[in-house]
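Here the structure comes first, spelled out in structure tokens, and everything after it is commentary.
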Amino acid sequence: MAMKFGALLLVLVLSLAQPASGRRKLLVFLLDGFRSDYISDEALESLPGFKEIVSRGVKVDYLTPDFPSLSYPNYYTLMTGRHCEVHQMIGNYMWDPATNKSFDIGVNRDSLMPLWWNGSEPLWITLTKAKRKVYMYYWPGCEVEILGVRPTYCLEYKNVPTDINFANAVSDALDFFKSGQADLAAIYHERIDVEGHHFGPSSPQRRDALKAVDTVLKYMTEWIQERELQDDLNVIIFSDHGMTDIFWMDKVIELNKYISLNDLQQVKDRGPVVSLWPAPGKHSEIYNKLRRVEHMTVYEKEAIPSRFYYKKGKFVSPLTLVADEGWFITENRELLPFWMNSTGKREGWQRGWHGYDNELRDMRGIFLAFGPDFKSNFRAAPIRSVDVYNVMCSVAGITPLPNNGSWSRVVCMLKDPVSSAPAALPSACVLALILLWLLA
């Protein structure tokens, strides 16, 4: 019996000690608002940086974001592999009735509360807990203490990073990789999203923003070679969502035309998805009035489509309004989110938006990757934002936490899928065999 228990201990130790994969350095880019067709085959001809990356690595047809196709929900989905109703970051604007605290797209101090962030553990926290060195640049949330942990370094987002900020972040990250100071570097860049909002997804301004990113990425491939990192660094580039055209003043739904705003306890967000908390005793009245409004759908929480993986979120409101593509919901026209244009006044019209049904074509994002663990010149089928996490865990050599991603959708892009498969705890089959053997 002593020999059996000794053998059992050895089996358990060996099974727990299996590595997740080869442990290489990982550089991650989150390019906000980058729609999948911005790098179509035709578009790549005028984007030498992206074209080189595609030829050297993997490009998926498109990436489907989580619902709602907004930034913060997908920032967390990408870094946890979990749907919004699981990680609890369900919007850019949230309200917790129990504490009367609000999350307002990261601009208020209450947005830094663990209340919003501790619903799941993002990859950068897992790596930091594993004694990996994590450097983050402008990444929303890196300044927050999550589950009692902060990354090694966080250059906090305060204003929209410039193209020079972006280039400097890339250069600095590569220097930290070269010196051995970093295991993971994550860089966030927003300008493509900003220009897409202000001028529209097909505008010259959005195209110029993309070309500026392309130039930096072209230099990046050269800098990797100069620092002799090409055999030890994987690079992954993805976006949180796409962008579609909107037409202000033509396709606006003003709630004050249908209901009394005094009958609402709270309203969060404007645009494709709006959250309403009716005042006590007003739920049915508001719901029935809004059911008749064209170009949008009003859902009671329990009736939200299951395919959105949204309704179980703890911060989801009693009523959720979802606009048809291109339509914009607001309390009234005066509260439309104008932006400060060249006049110095907040009077600029928004011409692009996102947040709509995540299955719509214009909401699709991108995923690119290259490096020693990825196939070269490989085109992959579409993936979903929940799938990205497992890829990052695999090439970083870390065991993924339980998640909603599909390994089968991403395994094709890796050179050695067997050694790159996410590590797991001992399987039920192995444990069952051990138990049967002990009882024999």
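Using the three backbone atoms N, Cα and C, a Cβ is placed for every residue, glycine included.
Over in Swiss-Prot, the protein carries these features:
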type     : residues                        : note
ACT_SITE : S71                             : active site, nucleophile
BINDING  : D32, S71, N92, D193, H241, H354 : substrate binding site
BINDING  : D32, S71, D240, H241            : Zn(2+) 1 binding site
BINDING  : D193, H197, H354                : Zn(2+) 2 binding site
DISULFID : C142-C154                       : disulfide bond
LIPID    : S419                            : GPI-anchor amidated serine
MOD_RES  : S71                             : phosphoserine
SIGNAL   : 1-22                            : signal peptide
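There are 24 other Cβ atoms within 10 Å of the Cβ belonging to S71 (active site, nucleophile). Distance from the CA of H354 (substrate binding site) to the CA of D240 (Zn(2+) 1 binding site) is 10 Å. Compared over the binding-site residues D32, D193, D240, the count of CB atoms lying within 10 A of a residue's CB peaks at D240. Comparing C-alpha positions, N92 (substrate binding site) sits nearest to S71 among the recorded positions S71, C154, H197. Ranking the disulfide-bonded residues C142, C154 by other CB atoms within 10 A of the CB puts C154 at the bottom. Spatially close to H241 (substrate binding site) yet at least six residues away along the chain are G33, P65, S69, L70, S71, N74, H354, G355, N358, M363, G365, judged by Cβ distances under 8 angstroms.
The Cβ of H354 (substrate binding site) has 30 other Cβ atoms within 10 Å, all protein chains considered. Other than D32, S71, D240, H241, the residues of this chain whose Cβ falls within 8 Å of the Cβ centroid of the Zn(2+) 1 site are, in sequence order, L30, G33, P65, S69, L70, N74, Y75, D193, S239, H354, G365. For H197 (Zn(2+) 2 binding site), the Cβ neighbour count at a 10 Å cut-off comes to 22, with all displayed protein chains included. All protein chains shown were included, and the count of other CB atoms within 10 Å of the CB of N92 (substrate binding site) stands at 21. In the three-state DSSP scheme, N92 (substrate binding site) falls into the coil class.
Looking only at the recorded positions C142, C154, H197, the one with its C-alpha closest to D32 (substrate binding site) is H197. Note: the Cα of C154 (disulfide bond) and the Cα of D193 (substrate binding site) are spaced 22 Å from each other. With respect to their backbone Cα atoms, D193 (substrate binding site) and C142 (disulfide bond) stand 20 Å from each other. H197 (Zn(2+) 2 binding site) sits 24 Å from C142 (disulfide bond), taking the Cα positions as reference.
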